[in-house]
């Protein structure tokens, strides 16, 4: 990476010899002008514009990879040194607006040139932003940057892991939207749509934009029931796409699901909440810090001491970090892939630990690629969300346990089977649930598993010939088709139980 320093505003990038750039070191102050894109400290003129290394590298990667971005908001995001990573679409547009030239990149040395020329980690100036293996996604390429073949495979493999996780997240989000739209049509009693349908049909490029902004407070048990059923059902389908979940024994599958379920119920709405004033739910409702006064007794008891802590301990750090969805899907996978979950067999622990390590590597490679200067700190701050998440999970379980123990209300059987019941109790794993967990996911996966890109996880299928024996099994046995099975919806609607957030 050459630091071309601006001796004159009339000197163009393609007129500077790479080997003579050091001649200007003593003539100009590289910090005289800030980066034209984000306002951070500049390191010279890059692609015709005074800019920092971060914006230079971002522009170069975007052009070389021909990446296309979308803005989650109104294409008017603020791009400064604090929030430049929040929206890649607006950042790239800012690069173009201030004068960065695509054609200037061709004057640099060919990024896929001889493997004997390239980046160095021994203090020598970098001649290229990335190695041949990175630019081409070729895991066999080895540059002269001192990195071995194993390390060179990290970036392309990590990118595949995150891409697959992102694809499955989008499919789950879309299915949530579809199920909510169907529930609204069913509630209206006519096949027509209501005023919210237009919002619900918005695309699901990201978890934050998959749902319309919430327009009413969550005030009824019906809202909580809908959220819990749909979220837990889709959690199972998502889990079946994560390698090596389908290779585990039935008992280990259920242990892993039970360990993760309460964390999932907290993570999903937390990521979609834009600020610390309210927790946004997928059915266009929200909960505020004092929203529990509008709920009935049991719902208020379950959420009163959880909602404020979710806002302070999960939502606030996410917003401070400007967490991207790529980071969020990795955080979800890390919470799910917990090899220390009580009761797991030794063989399952080994497989789960290997899968978790792949996600950890993918997350760090992504952060290092996008924000190299802040990578260690950002990586650590994301992982530090885990203790708060576990503490909130324990609080949620305690609330449910007290409710069930003192008979304050009937705890919903679906949540009870997922969160409260002992794994050694055979009633927690009825035959129908075992058959469902043994079947391929009903979500379309294109034959790709997030942690095993070359492996097939099965095609779209439905579970038939199963006689549900419990609330959980009845819910899980319902295939996630575009058109819901009326018989399964009837099973769900017939249960008059209570759910938590």
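All positions are counted from 1 along the displayed chain.
In case you wondered, yes, glycine gets a Cβ from its N, Cα and C as well.
When the ranges 21-64, 65-108, 109-152 are checked against Swiss-Prot, the one recorded as region 'Disordered' is 109-152. In Swiss-Prot, the motif '9aaTAD' annotation falls on 413-421 of the listed ranges 404-412, 413-421, 422-430.
In this model, the domain 'NR LBD' (157-422) carries an average pLDDT of 79.
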